[in-house]
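Working notes for the structure below.
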Amino acid sequence: MSQQVIIFDTTLRDGEQALQASLSAKEKLQIALALERMGVDVMEVGFPVSSPGDFESVQTIARIIKNSRVCALARCVEKDIDVAAQALKVADAFRIHTFIATSPMHIATKLRSTLDEVIERAVYMVKRARNYTDDVEFSCEDAGRTPVNDLARVVEAAINAGARTINIPDTVGYTMPFEFARIISGLYERVPNIDNAIISVHTHDDLGLAVGNSLAAVHAGARQVEGAMNGIGERAGNCALEEVIMAIKVRKDIMNVHTNINHHEIWRTSQTVSQICNMPIPTNKAIVGSGAFAHSSGIHQDGVLKNRENYEIMTPESIGLNQVQLNLTSRSGRAAVKHRMEEMGYQESDYNLDRLYDAFLKLADKKGQVFDYDLEALAFINKQQEEPEHFRLDYFSVQSGSSDIATASVKLACGEETKAEAANGNGPVDAIYQAINRITGYDVELVKYDLNAKGQGKDALGQVDIVVNHHGRRFHGVGLATDIVESSAKAMVHVLNNIWRAAEVEKELQRKAHNKENNKEIV
C-alpha cells in the first residue's frame, strides 16, 4: 500500500509575501476555505508576531477552519512562539512552525553565531513550542546550502527536543533535483532518530526547479511537501502545489505515494487564489493554465479526436475543469442559476443567491446569453463585495473624443451622504478617478491597472484590477462590467472601501490594545 504525502500549503504566508497589496482578513479566510475544501492537510496562514492584523487573521482562520490543521510561523524567538500560540489556541488542534538558519553563510553573516549556538537555540525553542502543542515543525533555513553532516546534527537535536516534522528548505532555489534527493537520503542515513519525525521539503523556483526538487525529495523519502497554489511566493515563487499533486497522481506507477487532496477542487482553488491575489495565471502554466488542455496542431487534434489519451496524460475533469459550457438567459429563473452553480461545484456558502441573481439579470438584459464563465466572474465579485461599504457608486457619465478633453461626472454615496463631482482627465478612466478622488479626499496613487476579459466576444465582461498606494500601504480593488469605464470606476470604489475598512480595523485594534492596557492598570 502506498504511503501518504502530506500537503502543506503556505499560500497565505509565504505566498502572500509576493503580493503587491496585502490581503484583507476576509480575503485570507476566503482562500483558507477554498484550501480546506480542496483538502490540504496543513495550511500555514501567517506570521502572528509580525503585526496585529496578521495576528487577528491567523486567529480568525484558526477559529473557523476545522478539516485542515492550521499552522503559524515563528522564528526561534520566545516572543514569536508565544504570540503564535496565542493566535492559534482557539483551534481544535494546531501546529507551530519555527525555524532558524543552518548554512555556514547565514550563520556567519546573518546570525553572527556558530553551529553549536544555533543547535542550542533550536532545541530550546522547539521545547518551548511543545509546551503549547504536540505538533511542532522545525525548519533548517537554507538547508540546501548546509553541509549534510551539519544538517544531520541539527535535525537529530530538533527531533530529540520534540519536533514531529522536520522541514528541509531549498530557501534560495539553488539545488538540483539529484542533489536535493541526495540530501534527503543522506539524512536518513545519518540521523538515528529520523523515524520519529516526518521529513518535509520546501522548495523555491529561482532556477525553475521547485517542483522537480520536491518530487525528487519525495522519491528519496520525504513525506510532506510545502508549497503554494499557482506557485506564488518570494522572488520566482514557491513549489506549485497543483503540479506536485497531479504529478504524484499521474505518475503513481513510479512515485508509489498518494495525497488526500480532492483533485476536482484544484481548478477552482487555483482560480480563487489568482483572482483574490491579483496574480494572473500564465496561459501555458502546467495543470491550471488556460492552454494546458488546448491542442492547436492538426496532428494532435486528430490524435485527440481518435483517443484523448494520445495527447492527454490527464483530463480537464480530473482537476475540476468542466469544459461543457451552458448558457442561461434573462428568462432563466433563480432555481436554474442555483442549479448551474451547484453543477459547477459551488456551495450556497460560496455566494449570495439574491445578489448573484440580481447581477445575473442585469447582465442577461445587456448581453442576452450568460455563460458559465460569466456566472463565475459574477460570483467572485459577489463574494468580494459582501463586506459593509462606506462608498457606493450611484451614477457616472463620461464625455470624451479624439480631440476633446475627457470629462467625467460622478455621484457617490458616502455613508449617509450623497456627493457629486466633475473632473477632467487624460482619458475617461483618469477623469472618473479624478472625480472620485475629489469626492472622497483620499490621497491615492495608482500603481497598477489591469484589464482582463472574462469570457469571449465583444460583449464579454471586463474585469479591472487596480493597486493603489495610500500612505505607504498598497491596496487592491476589482470591478466587473461589460463597460470597461464602469469596471474601472467600480474598481476604484472597491479599493477606497478597502482603505476605509482597513482604517476601521486599525481603530478597533487600537481600542482593544487601549482597553487591555487599562485592564492591566486596574489589576
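The first residue you see is number 1, and the count goes up from there.
Glycine residues also receive a Cβ, built from the backbone N, Cα and C atoms like all the rest.
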Swiss-Prot annotation, Mn(2+) site containing Asp14, His202, His204 - matching residue among Asn193, Asn213, Asn230, Asn238: Asn238
Check the DSSP secondary structure of Asp14 (Mn(2+) binding site), expressed as helix, strand or coil. helix
For His202 (Mn(2+) binding site), write down the residues of its own chain that are at least 6 apart in sequence and whose Cβ falls under 8 Å from its Cβ; none is a fine answer. Phe8, Thr10, Ser139, Asn167, Ile168, Pro169, Asp170, Thr171, Glu226, Gly227, Asn238, Cys239
Here are some binding-site residues: Asp14, His204, Asn238. Which one has the most Cβ atoms within 10 Å of its Cβ? Asn238
Other than Asp14, His202, His204, Asn238, the chain contributes near Mn(2+) (Cβ within 8 Å of their centroid) the residues Thr10, Pro169, Thr171, Thr203, Ala210, Glu226, Gly227, Ala228, Gly233, Glu234, Gly237, Cys239
Mind checking how the region 'Regulatory domain' (392-523) divides into helix, strand and coil residues in DSSP? 52 helix, 59 strand, 21 coil
